[in-house]
Amino acid sequence: MTTIVSVRRNNQVVIAGDGQVSLGNTVMKGNARKVRRLYHNKVLAGFAGGTADAFTLFERFEAKLEMHQGHLMRAAVEMAKDWRSDKVLRKLEALLAVADGEASLIITGNGDVVQPENDLIAIGSGGNFAQSAATALLENTELSALEIAEKSLTIAGDICVFTNQFKTIEELKY
C-alpha cells in the first residue's frame, strides 16, 4: 500500500504521498509518484491501494473532472453515481484523495464520496499514523499545510513498513 495525506490551512491545500510499491512483503519500487495535478493544475489527487485499481479509479475521476469543467464536487458525485451502476467496477481496492481550492474529498473504490469535516485526509496503510500526526500539528502549531503534510508523512514512514521516505508533494494556493 502507501500513505497519502492532504492538509488544508491558510488558503493552501497540499497532497503528499510516499513512493513505495509493495507486492506482498516485497518492496518492488521506492520512487513511485502517487500524487498528481489534474485539470489545468487546479486539482490535486493522490491514490492508494491496488495499483491497477488505483489507476482505474484515477482515470475515471480525471475523465469526470474534464467532463464537468473542473468542478470537483460535481465530478466526484457523478462518478459515484456511475460507479454504483457498474457491477465490474463496484469493488475496486483503492482510494483517492482529491482537493481543489474549495473542497477536499475521499473517493473510494466502492463509489463512496466523503468530505472530511476538518479538511484533513489520510489514506493507505500509514493513513492512521499520518492523520494522528497531522491532527496534532494542526491543533498545536502554526506550521503551514505543506510542512504539516511533509512531517506527518515522515512520521508515518517511520512507523509503517509499507510507507517509505520518498515523497511527492503537490501544493495549491488559492
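Placed from the backbone N, Cα and C atoms, the Cβ positions cover glycine too.
In the shown protein chains, 29 other C-beta atoms lie within 10 A of the C-beta of T2 (active site). Taken from Swiss-Prot, the feature active site applies to T2, supported by sequence analysis.
Neighbour count (other Cβ atoms within 10 Å of the Cβ, all protein chains): 21 for C160 (Na(+) binding site). Summarising the annotation, Swiss-Prot assigns Na(+) binding site to G157, C160, T163.
A 10 Å cutoff on Cβ-Cβ distances gives G157 (Na(+) binding site) a total of 22 other Cβ atoms nearby, all chains included. Cβ environment of T163 (Na(+) binding site): M1, T2, T3, D18, Q20, G124, S125, G126, F129, L153, A156, G157 lie under 8 Å away, each six or more residues apart in the same chain. Same-chain neighbours of the Na(+) site beyond G157, C160, T163, judged by a C-beta within 8 angstroms of the site's C-beta center, are, in sequence order, T3, D18, Q20, S125, G126, F129, L153, A156, D158, I159, V161, F162, N164, Q165.
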